[in-house]
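Below, the features straight out of Swiss-Prot:
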ACT_SITE  C2  active site, nucleophile
MOD_RES   C2  thiazolidine linkage to a ring-opened DNA abasic site
REGION    292-354  region 'Disordered'
COMPBIAS  296-309  compositional bias 'Basic and acidic residues'
COMPBIAS  337-348  compositional bias 'Basic and acidic residues'
Amino acid sequence: MCGRTSCHLPRDVLTRACAYQDRRGQQRLPEWRDPDKYCPSYNKSPQSNSPVLLSRLHFVKDADSSERIIAPMRWGLVPSWFKESDPSKLQFNTTNCRNDTIMEKRSFKVPLGKGRRCVVLADGFYEWQRCQGTNQRQPYFIYFPQIKTEKSGSIGAADSPENWGKVWDNWRLLTMAGIFDCWEPPEGGDVLYSYTIITVDSCKGLSDIHHRMPAILDGEEAVSKWLDFGKVSTQEALKLIHPTENITFHAVSSVVNNSRNNTPECLAPVDLVVRKELKASGSSQRMLQWLATKSPKKEDSKTPQKEESDVPQWSSQFLQKSPLPTKRGTAGLLEQWLKREKEEEPVAKRPYSQ
């Protein structure tokens, strides 16, 4: 499933990250609809507004269906046939839509049949792994692998307007397949646009964290076909819905557990072996206290760093570890990215405690 995302880029930067080629091969930037409704956040939850890509043909008659618009929409699809005056009274969860029942449930089948396909944009999404033998859950941040280019020497470049058409080598946004719908209040008022994220069985790399994952559209061709309802039929588009292995992840702090927390700390990598945020009792607690006294609290430049093999074998049962090795190259790029943003932006507010 997918119940929390990060999408923190400023509006103009997000626009450049979504540059594309139209059907004529021309490089373009998507237009915005209701741009003031977009609110960047490191910690987006259902019922908040998130940016989605969709075909311009949904809003402009006779437009080229390959042209794109970015529109902030409510996360959690409100069906067009919903009769209540308050969308929060919807009695079922539409945050996600399973791919194996998408053509069975009216809430999703109807808008899909109308071509209401969208691409949900995010830095990445969060998922929680249940820790065996405890009530704790470890959060992870999941995203596309990031590549450092020779041109930039980092993960940020193309800062000036004249360069956006030539290269975008900043953070690669995660592009998730979604369905949207339009709901009109029975008593009149503004139309509410809302969406759901399609989910599939997890790929092998994520199966230890959760058994479901978003349907990720990997690459420009997949994104174009999913959006272009004028040229690509529903049956053809659904062939794009499947798990992808082109994904990476790292453990993050429990700060993200509280959806009110909106700081870079939400997606910053943490080391599960070093952190040891565990609950224990009795003799287990005393063992953990002993381990804490034997481990240096701060790395000393004169003290050689211990390798993981130096940890006593019997203590491994008390140390949480990632089920799969994190790709440190990608995590390192993320840390550089966060460090640069921290230097450029005001200091974030102190996180709320869970």
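Backbone N, Cα and C define each Cβ position, glycine as well.
Where in this structure would I find these features, and how exposed are they?
DSSP assigns C2 (active site, nucleophile) to coil, not to a helix or a strand.
In sequence order, T95, N96, F125, E127, M176, I197, T199, R212, M213, P214 are the residues near C2 (active site, nucleophile), counting only same-chain partners six or more apart with C-beta under 8 A.
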